[in-house]
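Each remark here refers to the structure printed beneath this line.
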Amino acid sequence: MEPGPSVSPGPSRSFKEELLCAVCYDPFRDAVTLRCGHNFCRRCVSGCWEVQTTPSCPVCKERAVPGELRTNHTLNNLVETLLREEAEGARWTGRRSPRPCRAHRAPLTLFCLEDKELLCCACQADARHQEHRVQPIKDTAQDFRAKCKNMEHVLREKAKAFWALRRTYEAIAKHNEVQTTWLEGRIRDEFDKLRDFLRVEEQATLDAMKEESRKKHLQAEEKMKQLAEQTEALAREIERLQMEMKEDDMTFLMKHKSRKRRLFCTVEPAPLQPGLLMDACKYLESLQYRVWKKMLGSVESVPFSLDPNTAAGWLKVADDLTSVINHGYRVQVENPERFSSAPCLLGSQVFSKGSHSWEVDVGGLPTWRVGVVRVQAHAQAQAQADVGGEGHSHSCYHDTRSGFWYLCRTQGVDGDHCMTSDTATAPLVQAMPRRLRVELECEEGELSFYDSERHCHLYTFHAHFGEVRPYFYLGASRGDGPPEPLRICHLRVSIKEELDI
């Protein structure tokens, strides 16, 4: 059998790769060129720009202008030619004469599914393949091409997933740049406040010291002036006494009584008064401690902050990280710790030992939850929510059985109720609390809730909590007014002074 006409070699692999879009990894469809020189499918690059704040090239990140997209006719023609040649090559390959078997020189027309080898009719009768499943090459190739097509689809989907993940990392990087600038400003502002406070205290201390110095100087000047006048009076008296002693005896004796009274009335020198020196102890004694103690009155402290990295898209955390509002859903940068399907967030601290307490002002929020969540349970709930998709309710996993312990305000047909995460418990109180105190005893395994305004106990959970974080849910506000916040109450700081023994 003569071999068929030779087939011209197809395009090289590197050339084919140059005709693939960097976004979809398929041959270009309606190729367009950006100002930077990179080429993409028009639909692909437009899709990328829909999720970008500022349009840029998906490859080099150079800023792009959507109106400057230029259709690349040359590239489109090359892709069309390549696809046509590959189709013709595939048809010719199907018409070529089959290769002969090396052992029997017979046409290879069968395929062994067990050994994955090409066979001729003589090979099929061989003992090595007698019990094996074989089928015609054409049928096998068709089946394998279908499998490869599926694998190609899987790989393309995986490549798209990698590209989407890359865009997510780009969004995270940009978010971190903005966050870094914002954090730098906030940190500088906070330290500026401390420096301003210290400058004011320094100036007040210096002013007080200078005022005392001025008063003591005036006091010393007044005393020196009095002493100068008294010294001058004594000098005149001494001069007068010397003159009288030069008089004759009769005159001298006649003035004795008046002279004695006059000398008796002269002023005696007064002793030095205490407190004339500058009081160094008054200004330097524990100066730093006294200023720090005074600073506590102007410094606000909270048991923990609200973690914005866990806040769902509905929530906006205040700049001081102590309050949060529900302003409706807005797209946030992806983060595996972020709640995805319910308006929830966590506190910044992880508690596993000791006693901890905090107060939360829920005000008149129509729906809320306040409590703790086991760290591992939060990760598991996030994974289940991601598997469930967009329509899945993340909130359905938030109960005691799955590691969430909280009090909540819920809306029912017969009014609002204060409930717990344990669905077996009945509503707790008729009067809805506005300020909750939470007390966590890790070693005792107790989580207690109190109404801070009414000073009454509401409920206590008993469980082995493990590592937990504060947990909050914030429903949408009622009416058209501004959204009402949920706040972490500030601590009352006190100082206990003890001897260092």
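Placed from the backbone N, Cα and C atoms, the Cβ positions cover glycine too.
The following features are taken from Swiss-Prot:
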type	residues	note
MOD_RES	M1	N-acetylmethionine
MOD_RES	S8	phosphoserine
ZN_FING	21-61	zinc finger
ZN_FING	96-137	zinc finger
BINDING	C101, H104, C123, H129	Zn(2+) binding site
COILED	200-252	coiled coil
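Feature map: annotations from Swiss-Prot on the structure.
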{"residue": "C101", "record": "Zn(2+) binding site", "DSSP (3 states)": "coil"}
{"residue": "C123", "record": "Zn(2+) binding site", "DSSP (3 states)": "helix"}
{"residue": "H129", "record": "Zn(2+) binding site", "DSSP (3 states)": "helix"}
(message) Let me make sure I understand the structure: which of the binding-site residues listed (C101, C123) has the fewest other Cβ atoms within 10 A of its Cβ?
(response) C101
(message) Checking distant contacts: for the zinc finger (21-61), what same-chain residues at least six beyond its ends satisfy Cβ-Cβ under 8 A?
(response) 68-72, 75-76, 79, 82-83, 156, 159-160, 163, 167, 171, 174
(request) On the DSSP side of things, how many residues of the zinc finger (21-61) fall into helix, strand and coil, could you say? (result) 9 helix, 8 strand, 24 coil
(request) Take every residue in the coiled coil (200-252), average their pLDDT values, and give the whole-number result. (result) 91
